[in-house]
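First comes the structure, then the notes that go with it.
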Amino acid sequence: FRSSYAASRKIEPFYKGGRVQVSRDGKFMFCPCGTRLNVIDVETGALLRSLEQDDQEDITSSILSPDDEILVTGSRALLLKQWNWRESKCVRTWKAVHVAPVASMAFDSTSTLLATGGCDSTIKIWDMIKQYCTHNLKGSSGVVHLVEFHPDISRLQLLSSSMDYKIRIWDLNSSKCVAVLDGHFSAVTCLAFAADGNTLISSGRDKICMVWNLKTRESKRTIPIYESVEAAILLPEKGDFSQLGVKKQGLHFLTAGSKGILKIWEVATAACVYTQPVSFEPVESKEEASEHSLTHCMLVPERNEIVTVSVEHNIVLYDAETLQLRKQLAGYNDEVLDVKFLGPGDSHIVVATNSPQLKVFELATSHCQILYGHTETILALDVFRKGLMFVSCAKDKSIRVWRMNKDGRVVCVAHGLGHAHGVGAVSCSRMKESFIVTSSQDCTIKVWNIPESLTSKAKAALISGPETLHAQVTERGHDKDINSVAVSPNDKLIATGSQDRLAKLWSCSDCSLLGVFTGHKRGIWCVQFSPVDQILATSSADGTLKLWGLQDFSCLKTFEGHDASVLKIIFVSRGTQLLSSGSDGLLKLWTIKTNECVKTLDGHEDKIWGLHSNKQDDMVVTASSDSSIVLWKDVTEIEQEEAQAKQEEQIMKEQELSNLLHEKRYLKALGLAISLDRPHTVLMVVKAILKESDGRKHLEENIVRLRKDQKEAVLTFLVTWNTNSRNCHEAQAVIETLLKHEAPDSLLQYSGIKSAVESLLPYTERHFQRLSRLLQASMFIDFMWQNMRLADASQQEDVTL
């Protein structure tokens, strides 16, 4: 039996828009994410550290210095922060002096000067070493969204652009604007300097790039790009770019923009020499493609890579010389609606987010493939037994069958249309890759046969394009939306669960109704067949799970424990346990035999829509509306081993303790009893010491030699001893030693001293009163005895007389 799972990994959004930067060595990526700036390991895609703003305000701009040492962020609170990002420490915070948020930042090539362009039309320049503002440049109109230092630091020039679409050149010696380059008719998005320092290329959203001569400060050439350009990068002079159509010497640059396609242009001829081949259809209409549009692009010379960032927050790394895709990271998932393990060794997961695209993550590297095909939100997924083929269904009323090749690439091999409404649930055949069952909001279920050509000749499908599937059987199943559908392990039965509070069992061959399961008080969210028994499990919005017998359709067991709707259930531990996920973000593990909830796991903040276990049954993946995906590892054995080791250690210590007491080595015995947290044993040791001759003295010696934390533990123990008149003498003896040898100031440093004194006082007073009464009584006896002796003596005297 499983008893516990632990979250081994969490895939959550790390980029929500803004400027992405990469360190010079190409190992780290800096991605703004709301109030945080996340540092990502490019190799594994793992989140290394998160720099959080104290003021909880969104980061409006950030910049990494050319030497990778200084990271500066600006927030809506009009503060600038300098970070030592390797240690996640904020080194310095200062007021930006802008009266509106900072929109852009730039460092000079020596990493000593920082320029900030504000939404208040001013530019400020900061000396990062002496920590003061050196220039305040006024004269721009509107938001200054672009600032760049001239790479030749001896010129001391800064270029900026604002909402009037002009490029201004500022001379930092005189703090004046010395030239205005006017030519763009929309926002200027990027400035790129040639190696000679006299040629500048500017790109704009007016679908052109302009080449400027910085000596004459005039336009040399206008190059029409035919798309809104977000970034332009000059190709380095060193490097072999022949595969990108670069045949001649001379300046070439790369553009990225609204069509989502990288292009290479030759400056001399203004011609496009290379267009990147893409898998999606480029949109030629006036309404340009939104989901593929690129917002940033940068060159990482150290790794010879080009990094692009898309509108959908996907970060793609290409080989700079061939534009071959090296890696893709998904920066943001919207609500996650379903997730499944994929691949022969469950090496990947496929994720349906709140979008028409599917994401396939490779777990080892976080590399993400994005699958295009559906036109509306994908609602559900299911994977065939071998883990290479899977099915998706969406709001666009269609289903698609996908296949993973040996190299890990996923392609669509078939698609089918037929439902009148969005397809909300799908289930694959369990034994062979032979059929699919879907259910929809049109209250019908459909069975789709998969042609053998798909399973055997996958290559043919790649050449000819996806095959079209047709539904073999259609049956109206319920009166309301069907939320879930499942196929039995032997491929002979189908179960459906609906919003009408009923679950139904159907024959797979002809979709004839075999029986109805009634008992839930609200809609059913999920149905699952047991992998070993003739049992069906259902989960419902009434917060319960039920198990049903397939022979007589009776309810065998009901599991109560969720406070909210139970959205998904799966069988684990070979059908002996259930794992359920709720709309409150909790996972619960149930043992079927005892009806008890063994463990509740809290890893999400919102509804858990996706729940799936891997083939080896030792890992579970969950996906939630809070945009995060959590991988849970079975830690039952580890926890059992830890508990056993603890128990063995306890037994060994107890044995050692009894040996020490026997050998009268009291100091060690005291220390061990305290570490075992055994107040009674400590009391026995104290009593044993006091029984010795010179017991008080020995006790003092032993107590004084204890460490401070051990004395604190003894103090908490003696509070309990002092409540009992039998043990009060030992407690008082220890108190006396502590008060004698510890200065009042050091006693006040003890943790829990206040409550200890408050507890000790009333009982000590009571013991004192009791002893006073005892003393009085003993004095009275003594007095009586003396009187009796006197009377006795006088009688004897009379007799003798």
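Here the Cβ of each residue, glycine as well, is placed from N, Cα and C on the backbone.
Positions annotated as domain 'U3 small nucleolar RNA-associated protein 13 C-terminal' by TrEMBL: 654-788.
Same-chain residues lying 6+ beyond the ends of the repeat 'WD' (95-128) with a Cβ under 8 Å from its Cβ atoms: 60-67, 69-70, 72, 74-76, 78-80, 82, 134-138, 140-149, 151, 153, 158, 160, 162, 170, 172. The annotation repeat 'WD' is assigned in TrEMBL to 95-128 (among others).
Positions annotated as repeat 'WD' by TrEMBL: 137-180 (among others). Long-range contacts of the repeat 'WD' (137-180) within the same chain: residues 103-110, 113, 115-119, 121-125, 186-191, 193, 197, 200, 202, 204, 206, 212, 214, 217, each at least 6 residues beyond the stretch ends and with a Cβ under 8 Å from a Cβ of the stretch.
With DSSP states grouped into helix (H, G, I), strand (E, B) and coil, the repeat 'WD' (181-222) comes out at 0 helix, 24 strand, 18 coil. Taken from TrEMBL, the feature repeat 'WD' covers 181-222 (among others).
The annotation repeat 'WD' is assigned in TrEMBL to 371-405 (among others). Note on the repeat 'WD' (371-405): residues 279-280, 337-344, 346, 348, 350, 352-360, 411-431, 433, 436, 438, 440, 448, 450, 454-455, 458, 461, 466, 469, 615 of its chain, located 6 or more positions outside it, place their CB under 8 angstroms from a CB of the stretch.
Among residues of the same chain six or more beyond the repeat 'WD' (416-458), those with a C-beta under 8 A of the stretch's C-beta atoms are 376, 379-386, 389-401, 403, 405, 467-491, 494, 496, 498, 506, 508, 511. Sequence annotations record features per position, and here TrEMBL assigns repeat 'WD' to 416-458 (among others).
Per TrEMBL, the feature repeat 'WD' maps to 475-507 (among others). Non-local neighbours of the repeat 'WD' (475-507) in the same chain are 424-432, 434-435, 437-441, 443-447, 513-518, 520-529, 531, 536, 538, 540, 548, 550, 553; each lies 6+ residues outside the stretch with a CB under 8 Å from one of its CB atoms.
Sorting each residue of the repeat 'WD' (517-558) by its DSSP state yields 0 helix, 23 strand, 19 coil. Under the heading repeat 'WD', TrEMBL lists 517-558 (among others).
Per TrEMBL, repeat 'WD' is recorded for 559-600 (among others). In terms of DSSP secondary structure, the repeat 'WD' (559-600) contains 0 helix, 26 strand, 16 coil.
As annotated by TrEMBL, repeat 'WD' applies to 601-633 (among others). Under DSSP, residues within the repeat 'WD' (601-633) fall into helix, strand and coil as 0 helix, 19 strand, 14 coil.
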Per-residue pLDDT averaged over the domain 'U3 small nucleolar RNA-associated protein 13 C-terminal' (654-788), given as an integer: 82
Helix, strand and coil counts within the repeat 'WD' (371-405) (DSSP): 0 helix, 20 strand, 15 coil
